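Student: Got a structure for you, written out below as C-alpha cells; questions coming shortly.
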Amino acid sequence: MSASIIDGKAVAAALRGRIAERVAALPFTPGLRVVRVGEDPASGVYVRNKDRAAQQAGLDSATIQLPAETSEAALLGLVRQLNDDPAVDGILVQLPLPPQVDPAKVLAAINPAKDVDGFHAVNAGLLASGQKGLVPCTPKGVMHLLKAAQVTVAGARAVVVGRSNIVGKPMAALLLAADATVTVAHSRTRDLASECRRAEILVAAVGRPEMVRGDWIAEDAVVIDVGINRLPNGGLVGDVEFAPARERAAAITPVPGGVGPMTIACLLENTVEAAIARRG
Ligand SMILES: Nc1nc(=O)c2c([nH]1)NC[C@@H]1CN(c3ccc(C(=O)N[C@@H](CCC(=O)O)C(=O)O)cc3)C=[N+]21
C-alpha cells in the first residue's frame, strides 16, 4: 500500500483563509513583532514566509532585525518595550540566539499573554496542566493536520520521537489531552526501532535527516514528520526516510509542504487568539 499524502500546504492555506476572515471581522488589527538577532540562515525562509502570510491575513506584522552583536541587555530592553506596546499582541524572538544572549532569560522576559511561540514557562505549565494558554505553533499545527486527515487520536498509540520544549514535550501534552496513549522516545531510548513500530501515530521531531527508517513504520500508521533538514547538496529532507515509510504507512506528511506551513499558520492563529484574549 502507498500512503496518502497529508498536504500541509493546502491545510495551512485553508487555515490562513479562516484566520483572514476572523481578522477582517475584528474591530482592531492584531499586531505581531518578530525579533531576529543576526542572520541564522535556517531562520531566513521562515521569517520571509511568515511576513508574507501575516500580511495576507491582514495582521500588522513586522520583523525587527538586530545586529548579531546585540547585547542581552539591549534585547531584554526591546522585549520590555514590546510588552508595554498596546498595539503589539504577539512577540516572537527567533531562535537560535547568538552566544552572548541567554535564550532562557529572553523567553522569560516576554509577557506570557503575548508569547505567541508558547515557549514561556507559564504557557508550558498551562498546557501541561490542561489549562488554556498559548500553545507552541508546530505541535498545534500537527493537531490541525491530524484533524484534517480525519485521524482518530482518542485511544490511539502515539509515539513522539524527540523531547524538546519546542516540539516533543508540548506535542506529547496535546496528544494526551486528545486521549491518545503517548510514548515519548528520544536519543537515549533503548531500541527506538521497536518503540516506533508500535506507533499507530508516529511524530518524528528529532532534527536528524532520515533518522527514522522506513522499516520502523507500522503497517497503516499515520506518520507526521516535523523535521526540516537542509542537506549539503541544498535539498530538504525530513526526520523520516520518506519513500519506504510511504510504502507502509496509511498517511504521511511530506517535507517540504507538510508541518512547516502549519507552523506559520498557527503563529497567525496564536496572534489572533492572543489579541482577542488581551483586548477582550
Ligand atoms: N522562536 C522561534 N519560533 C519558531 O517557530 C522558529 C524559530 N524560532 N526559529 C527557526 C525555526 C524554523 N521554523 C520554520 C517554520 C516553518 C518553515 C516552513 O514553512 N517550511 C516550508 C518551506 C521550507 C523551505 O523551502 O525551506 C516547508 O516545510 O514546506 C520552516 C522553518 C520555525 N522556527
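Placed from the backbone N, Cα and C atoms, the Cβ positions cover glycine too.
I grabbed these lines from TrEMBL:
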- 6-117: domain 'Tetrahydrofolate dehydrogenase/cyclohydrolase catalytic' (DOMAIN)
- 136-276: domain 'Tetrahydrofolate dehydrogenase/cyclohydrolase NAD(P)-binding' (DOMAIN)
- G162, R163, S164, I228: NADP(+) binding site (BINDING)
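Buried or exposed, and what's around them? Tell me for each listed feature.
Tutor: DSSP assigns S164 (NADP(+) binding site) to coil, not to a helix or a strand.
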Student: In the structure shown, which of the binding-site residues S164, I228 has the fewest Cβ neighbours within 10 Å?
Tutor: S164
Student: With H, G and I counted as helix, E and B as strand and the rest as coil, say where DSSP puts I228 (NADP(+) binding site).
Tutor: coil
Student: Using the structure shown, find which entry in G162, R163 (the binding-site residues) has the sparsest Cβ neighbourhood within 10 Å.
Tutor: R163
